[in-house]
Structures are given as C-alpha cells and as structure tokens.
Amino acid sequence: MSSHAMSVVILAAGKGTRMYSDLPKVLHTLAGKPMVQHVIDAAKHVGAQHIHLVYGHGGDLLQSTLKDASLNWVLQAEQLGTGHAMQQAAPFFSDDEDVLMLYGDVPLISVDTLQQLCAAKPQGGIGLLTVKLDDPTGYGRITRENGNVSGIVEHKDASDEQRQINEINTGILVANGADLKRWLAKLDNNNAQGEYYITDIIAMAWNEGREIAAVHPQRLSEVEGVNNRLQLARLEHVYQAEQAEKLLLAGVMLRDPARFDLRGTLQHGRDVEIDANVIIEGDVVLGNRVKIGAGCVIKNSVIGDDCEISPYSVVEDALLDTACTIGPFARLRPGAELLEGAHVGNFVEMKKARLGKGSKAGHLTYLGDAEIGDNVNIGAGTITCNYDGANKHKTIIGDDVFVGSDTQLVAPVTVAKGATIAAGTTVTRNIAENELVLTRVPQVHKQGWRRPVKKK
C-alpha cells in the first residue's frame, strides 16, 4: 500500500427515493447496522486519517444516528452529481495525501480490496476499481487505448459502439489530493444529465499522461449499490451466506446455514452447535460446547462453556457461567447473570438479577432486581415485586432457600440462608435463617354446596 497519508470521502447525500422511506437511504440497515456504518468501518480499517462524509437529505438524523466524533461532516445542499459532491469535500484535502472515494450505499466493500486498490495507485495517477458485467446496461463504460484506461463514458452519453464495452466503473477510486483538487476545479456539466461527473477526471488524467490502474474486486457483491429494498435484501442474503461459510469453516456447526443471521460479531470456542433461525446481535461470545436451539435471539452476551439454550429463548446483555441451561421460551434481559450450573426454564424472565450456582427457576417466574444465592429452588409462578410505582427495590435470597410455587416477594426484602417459603405465600418482611414462612388463608369446606343457577 502507498505510504502516503490517506483521507476517505464517503458520498451519502442521496435521498433514496426508490426506498419509499422517510429514513435516509444510507441509514437502512444491513446485518443490523446502517449501510454507511459498514463503509465507515472499512475506511477506518484501511487506515484513513480523516473521513469526510458528504451528506444532504436527513443530515440531522444521520449525525444523531452515527454519533461518530471522528467524522468530518460535509454538506452537499444540492445533489448535482458525484463530481459536485467531491467538490464540496475538496477544501479539506491535503496536497500530499491520497484521497479514497467511497459510497455510503455500497456496504459490502472489503478492506482487502481497498488495500489492493490503494497499493496499485501509480505515482501521480489514479487507482480505479472496475468490474466486467454480462449486462452493463446503465453503467459507465471504461474506455481504453492500447490496453490502458483512458476514460469513462456514462451510459446515457455513450455511443452504440461504447455501449458494447462490458467493463464498467464502480465509482470507487483513489488519487492524490493536489491532483484531485485540480481536476475537480475543471469539471463541467455539459452532459445528458446536466451533472458534474467525477468520472471526467479519468480523461483529464489520461490527457496529462498520468497512468490509471484498474483493479477488480474479489467479489462482485463488494461493489453492488443499494437503490431499493430488493437490492438491500439481496445483499443481506449475500452477507449472511458469507458469514455462515466463515463460521462453518472455523468449526461452528450451523444446522441450516441459510437460516442463520449474524448482526454483529461472534467469538466462539470449539464444538459450538447452532440450530435454525438463530439471530446473533451485537457482540456475542460463546464458549466451548455451547448449544443454541432453534429460534433463539442472543444479543451482547457472554455464554460460558457447556451451556445449553433451548429453543425460542431471548438472551440480551446477559452473562452465563459454565454449564447453565436456559429455556425453552426463557427471556434474560439486561443485567441477568447465571452462575455455574444454574437453570432457567420455560417462561421465566430475569432482569438485573443474579442466579447462584446450581439454583433453579423452572417455570413461569419473574426475577427482577434480585440477588439469589446458591442451590436455591424457585417454584413456579414466583414473582419478585420490585416496583412500587415510583422506584425499584431489591430482593435478596440466601443460599439453600426453597421458594414454593406462587410466591410473591414484595421488595425490599431479604430471605436468609436455608429458609423455606410455602406455596402461595406473599412475603413482605425479612425472613431469618432456616425459618418456614407461610401466609395462607384458612381452607374452608362446605358440605353439599350447590353452585348458583342462571335464571331463565
């Protein structure tokens, strides 16, 4: 790669009319994050010292969504073409740096391809990313003289002969800052669209005797843009297939790769098994021998060795120690923590709660703002009543406690080690060690009772 300092310009001013959306086009998500964020991440990984983001439609929403202090925001008040967009950013270019031009709606461009492009840029020339298509209709054609790139002709301006060319311009290029500023100043809009084309600088460079090096991406999907939701869905499919392939080759068993979604990053150990229709969001860590059942959603969580998550469970911002079992149909909300061997069964919800070693909450339970010790049994239908209408309060349960079914723990309350709470109890006061607590209404029997009969 060139040893020059480098800036990146990302064009993101388009309205995205064909998306039929109030959201700026580049904020539509692919794999769980805005398209333009994929491009920003690639720019950072390729070594950009400065990133200039050219925006127009929905600028306030763009800035509030991306929240990236490292970006230089450049307004393009009128959308008069790619050359015009680059002219808005040109005052920020240094003469001695390389400037790489990218697009906010071309989300799958790879760092490897960008590195190859930058390395191929000739001294004083231009590095240009091109591809060959079976059907190049609608794209700017690459013209060559004696095999060397000499210019780009937009489809609407191309002759019948030029339209037979199948090598097309992707729009991605890199050039020296001083050269780029000089060429941009010479652009005019004397063309069928009445716009300022960045592509015109290729002919300018050729006429100055500069070399233009054409580089091809590793995959066509890297340079495919998004103009409508169908194209976005297709790129999502491509991206997910690539991620699934990488995971399979790294030893993760995806039972159905076509029904797996990665919307973030996944670190994993050995012998991990993931069933169909699982969604991974944010930053997730899976230990060795973790098994995840069908239909689960795992988000921003760490799951230890030998854990098993049964089907249709949701785990978000949670921490699981080794050998924990979850679900089916369990929900771990932010702040949930399970220690070694803990079990959370079906229709159990936890939030800001810790379940100790070997403790179990088998079914139909809510545990919120709770600290639960080791070897505790939480009976079906138990609820920690943590909210009084204004503030949240904590429930503390010691080791070896037995909580019977249909128990309500009205926080703040503490249950000491070894206590037993009988089924159907409402706990409103602290319980001492090894106490039995029950608050049942006396059971009444009425012999020969007859139910009321409806009047006809």
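The backbone N, Cα and C atoms fix where each Cβ goes, glycine too.
The shown structure was predicted, so the numbers you read here are calculated from the model rather than taken from an experiment.
Look at Swiss-Prot and you will find 1-229 tagged as region 'Pyrophosphorylase'. When averaged over the region 'Pyrophosphorylase' (1-229), pLDDT in the model lands at 95.
Classification of Asn377 (UDP-N-acetyl-alpha-D-glucosamine binding site) by DSSP places it within a strand. Listed in sequence order, the residues of the same chain lying 6 or more apart from Asn377 (UDP-N-acetyl-alpha-D-glucosamine binding site) and placing their CB within less than 8 Å of its CB are Ser359, Lys360, Val401, Phe402, Val403. If you look up Swiss-Prot, you'll see 11-14, Lys25, Gln76, 81-82, 103-105, Gly140, Glu154, Asn169, Asn227, Arg333, Lys351, Tyr366, Asn377 marked as UDP-N-acetyl-alpha-D-glucosamine binding site.
Among the features that Swiss-Prot reports, Mg(2+) binding site is placed at Asp105, Asn227. DSSP assigns Asp105 (Mg(2+) binding site) to coil in the three-state reduction, outside any helix or strand.
Taken from Swiss-Prot, the feature region 'Linker' applies to 230-250, supported by sequence analysis.
Among the features that Swiss-Prot reports, region 'N-acetyltransferase' is placed at 251-456.
Annotation comment: Swiss-Prot describes His363 as active site, proton acceptor. Under 8 Å, Cβ to Cβ, and six or more positions away along its own chain, His363 (active site, proton acceptor) finds Gly345, Asn346, Phe347, Val348, Ala380.
Swiss-Prot lists Ala380, Asn386, Tyr387, Ser405, Ala423, Arg440 with the feature acetyl-CoA binding site, giving sequence analysis as the kind of evidence. The Cβ of Asn386 (acetyl-CoA binding site) lies under 8 Å from the Cβ of Gly368, Asp369, Ala370, Lys392, His393, Lys394, Thr395, Ala411, each of these being in the same chain and 6 or more residues away along the sequence.
A simple Cβ count within 10 Å picks out one of the binding-site residues Gly14, Gly81, Gly104 as the most packed, and that one is Gly104. Here the region 'Linker' (230-250) has, by DSSP, the following mix of helix, strand and coil residues: 20 helix, 0 strand, 1 coil.
The most crowded of the binding-site residues listed here (Leu11, Ala380, Ala423) is Leu11, judged by how many other CB atoms sit within 10 Å of its own CB.
Around Asp105 (Mg(2+) binding site), a 10 Å sphere centred on its CB holds 24 further CB atoms from the protein chains shown.
Of all the binding-site residues listed here (Gly14, Gly81, Gly104), Gly104 has the Cα closest to the Cα of Ser405 (acetyl-CoA binding site).
A C-beta separation below 8 Å, combined with a sequence spacing of at least six in one chain, links Arg333 (UDP-N-acetyl-alpha-D-glucosamine binding site) to Glu316, Asp317, Ala318, Glu349, Met350, Lys351, Lys352. Counting every protein chain shown, the number of other Cβ atoms lying within 10 Å of the Cβ of Asn227 (Mg(2+) binding site) is 14. Spatially, by CA atoms, the binding-site residues Asp105, Asn227, Tyr387, Arg440 include one closest to Leu11 (UDP-N-acetyl-alpha-D-glucosamine binding site), and that is Asp105.
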